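S.K.: TrEMBL feature annotations, pasted as is:
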{"type": "BINDING", "residues": "Gly165, Arg166, Ser167, Ile231", "note": "NADP(+) binding site"}
{"type": "DOMAIN", "residues": "6-120", "note": "domain 'Tetrahydrofolate dehydrogenase/cyclohydrolase catalytic'"}
{"type": "DOMAIN", "residues": "139-281", "note": "domain 'Tetrahydrofolate dehydrogenase/cyclohydrolase NAD(P)-binding'"}
Amino acid sequence: MTAQIINGKAISDMIREEVKAETDKLRQQGVVPGLAVVLVGEDPASKVYVGSKEKACIQLGFYSEVHRLSADTSEEELLALIHKLNEQSTINGILVQLPLPKHINEKAVIDAISVDKDVDGFHPESVGNLVIGDDSLLPCTPAGVIELIKRAGTDIAGKHAVVIGRSNIVGKPVAMLLLRENATVTICHSRTANLKEIASQADILVAAIGRAKAIDSSYVKPGAVVIDVGINRLPDGKLAGDVDYEDCLEVSGAITPVPGGVGPMTITMLMSNTLKAAKKAHGIG
Ligand SMILES: Nc1nc(=O)c2c([nH]1)NC[C@@H]1CN(c3ccc(C(=O)N[C@@H](CCC(=O)O)C(=O)O)cc3)C=[N+]21
């Protein structure tokens, strides 16, 4: 048996077409979704991601602003910018690229973003809405994971989903979304005893550990859907996920590659969130 390869790039392109079609319709009503991306400092990976987000905005016909601030920007200056963007009617979504330089309190910055413009879904009120099942902007990577599982043709309800990782930006929200889709969810982490034993019971296995190729075929139940959220830069410059893709290809039922899996979905869901926020701001369905 060889796994179905879940093509995140192709699925992401399809969703972008849908977002573009809706954006074109909105423009006829005089509404243009607007996204502000804020980058503090010179992290090379962050610069690449911010470039991709800007490109996506142009491709979809969004209004976009990129604020590139120097690494020594103070927390007060950054908060002042966020307050300005909160008030700016041309902006529907605000994304502050993480991680921030150490002298800035990330929590204070996230808390300052207006919930209506929280297209990252990181604000405590957005997180609370996610947990209780109220309508909210969903965090992009977790929403992308669910979309990939569904569009790969997998029914989530009743399945045992095992999430490896408990971060606020991926592990916890992915687990909550899977629960909302009626999976039976187990969250594992660095202190989990018997990780392999638990992982190999999963019908759906989501790896968000942050360690290259940590999950090999011995962690995977035959036929399982394997979603790899990891993006690790190897010494040779290549990208690798948290899953040993080659090793798991045969045993999995379906699997996402890195690159070309979850990564492209993250930016697409950001665009989708910005569109949703724009519609809400203008009282459109
Ligand atoms: N406030 C905030 N929100 C984020 O959503 C956020 C962030 N900060 N900080 C950094 C991480 C990382 N992230 C990625 C987005 C796209 C790809 C992506 O498109 N990856 C492609 C190409 C990767 C490459 O070639 O470098 C792929 O996996 O195929 C990856 C990673 C968003 N992040």
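Yeah, the Cβs are placed from backbone N, Cα and C, and that goes for glycine too.
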S.K.: On the 0 to 100 scale, where does the mean pLDDT of the domain 'Tetrahydrofolate dehydrogenase/cyclohydrolase catalytic' (6-120) fall?
M.R.: 96
S.K.: If you measure every Cα to Cα pair among Gly165, Arg166, Ser167, Ile231, the residues listed for NADP(+), what is the largest value in Å?
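M.R.: Site span for NADP(+), by Cα atoms: 16 Å.
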